[in-house]
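What follows is a short report on a single structure.
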Amino acid sequence: TPEYQTKDTDILAAFRVTPQPGVPPEEAGAAVAAESSTGTWTTVWTDGLTSLDRYKGRCYDIEPLPGEESQFIAYVAYPLDLFEEGSVTNLFTSIVGNVFGFKALRALRLEDLRIPPAYSKTFQGPPHGIQVERDKLNKYGRPLLGCTIKPKLGLSAKNYGRAVYECLRGGLDFTKDDENVNSQPFMRWRDRFVFCAEAIYKAQAETGEIKGHYLNATAGTCEEMMKRAIFARELGVPIIMHDYLTGGFTANTSLAHYCRDNGLLLHIHRAMHAVIDRQKIHGMHFRVLAKALRMSGGDHIHAGTVVGKLEGERDITLGFVDLLRDDFIEKDRSRGIYFTQDWVSMPGVLPVASGGIHVWHMPALTEIFGDDSVLQFGGGTLGHPWGNAPGAVANRVALEACVQARNEGRDLAREGNE
């Protein structure tokens with residue numbers, strides 16, 4: 001229905017559609033709109049008992065992709081009433097639930113969603129957000145530093161705590177449980193929580209700075225997850241963590257509500273994201289998963305590194321980094337942003353750069369991500385030839401040097417590692 005005027009309250013979706021040979025774009029686009037809203041495979045008499053005009057998804061625009069004759073972008077508008085308030089789970093079940101297995105399509109990818117304020121306002125969003133986090137930690141004007149404790153699996157709780165202490169003592173703000181550290185036979189969660197809390201308090205006392213360790217509360221059941229979160233709060237630690245895709249949006253949103261009520265920061269890891277977002281023609285782009293997380297709730301989320309990747313990737317990555325941090329993001333196709341997104345007053349999420357980065361990337365990282373980010377060096381800290389603490393010191397010194405140079409007006413991108 002090309003004559004349809006989108007409403008401010010509609011949820012808009014941009015799909016990259018690859019139809020089967022012989023299926024016209026209009027038909028494929030309409031099929032996507034119907035299957036992800038009110039349609040079924042045949043006309044049913046109960047359709048007469050409701051006003052389909054009011055409730056059906058509409059494909060309102062189709063645009064060809066330059067250089068791809070078999071693909072195009074289909075824009076679909078969904079009426080707000082199709083979705084349960086405050087449920088990312090329901091949003092995804094509706095929009096991407098069934099339609100991706102559709103016979104008439106060879107492949108389908110959800111590139112972007114426009115979430116109207118009327119819908120985003122039904123979510124709590126991040127437990128605290130960027131500003132409140134800085135106030136809690138008393139750290140301003142620079143990116144935060146983190147480090148994932150390696151080897152990720154196999155350390156005893158006592159040795160794990162020791163590694164945490166050394167990194168924090170050396171000058172990092174945070175250390176992190178790996179995403180797959182939950183509660184395994186060699187290190188049960190309660191032992192880990194206790195030893196990490198000890199490490200945090202010792203490092204805080206010795207450095208006079210607030211420290212944290214992302215205690216991974218992800219578990220096999222929601223009840224067990226909450227039990228871990230509650231234990232972390234009782235220990236008085238500042239931050240916990242969750243794997244939001246493997247744990248699920250329902251669990252994540254519950255945890256985010258608990259974190260706001262109890263003053264815990266929530267670090268989010270995106271384990272499993274590549275299963276969904278890796279393919280260029282099928283699945284969902286990470287910017288959609290990032291928007292969903294901002295609604296569901298998290299104070300940090302992993303967002304890739306940019307460094308060492310292609311230049312084109314940089315704009316796309318910064319596009320969804322801004323979607324996480326800013327209140328208002330203009331439509332900009334060169335950055336992969338298909339819709340203008342207005343978050344109104346929903347708190348922002350700190351993007352976490354993590355994975356294969358080390359101290360020589362520091363100038364590039366501070367220049368690309370700016371102050372509102374968490375830079376995480378795992379092997380880049382623990383792999384230091386002299387040990388964890390000197391590795392942490394090296395990272396902190398490099399960061400402070402880069403920030404100082406930038407504040408003095410030097411161009412980090414040009415001067416690089418000198």
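Cβ atoms are placed via backbone N, Cα and C, with glycine included.
As the structure is a computational prediction, the values presented were derived from the model and not from experiment.
Swiss-Prot has this to say about the protein:
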ACT_SITE  LYS150  active site, proton acceptor
ACT_SITE  HIS269  active site, proton acceptor
BINDING   ASN98, THR148, LYS152, ARG270, HIS302, SER354  substrate binding site
BINDING   LYS176, ASP178, GLU179  Mg(2+) binding site
MOD_RES   LYS176  N6-carboxylysine
SITE      LYS309  site 'Transition state stabilizer'
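Features as recorded by Swiss-Prot, highlighted on the structure.
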residue : record                       : Cβ contacts under 8 Å, 6 or more apart
ASN98   : substrate binding site       : GLU35, SER36
THR148  : substrate binding site       : THR175, LYS176, ASP177, ASP178, SER354, GLN376, GLY378
LYS152  : substrate binding site       : ASP178, ASN180, VAL181
HIS269  : active site, proton acceptor : GLU179, ASN216, MET241, HIS242, ASP243, TYR244, ILE301, HIS302
ARG270  : substrate binding site       : ASP243, TYR244, LEU245, PHE286, LEU289, LEU293, ILE301, HIS302
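Listed in chain order, the residues near the Mg(2+) site other than LYS176, ASP178, GLU179 are THR148, ILE149, LYS152, ASP177, ASN180, VAL181, TYR214, ASN216, MET241, HIS269, each with its Cβ within 8 Å of the site Cβ centroid. Within 10 Å of the C-beta of SER354 (substrate binding site) we count 23 further C-beta atoms, all protein chains included. According to its DSSP assignment, ARG270 (substrate binding site) is coil. Neighbour density for ASP178 (Mg(2+) binding site): within 10 A of its CB lie 18 other CB atoms from the protein chains shown. Cβ neighbour count within 10 Å across all protein chains ranks LYS176 highest among the recorded positions LYS150, LYS176, HIS302.
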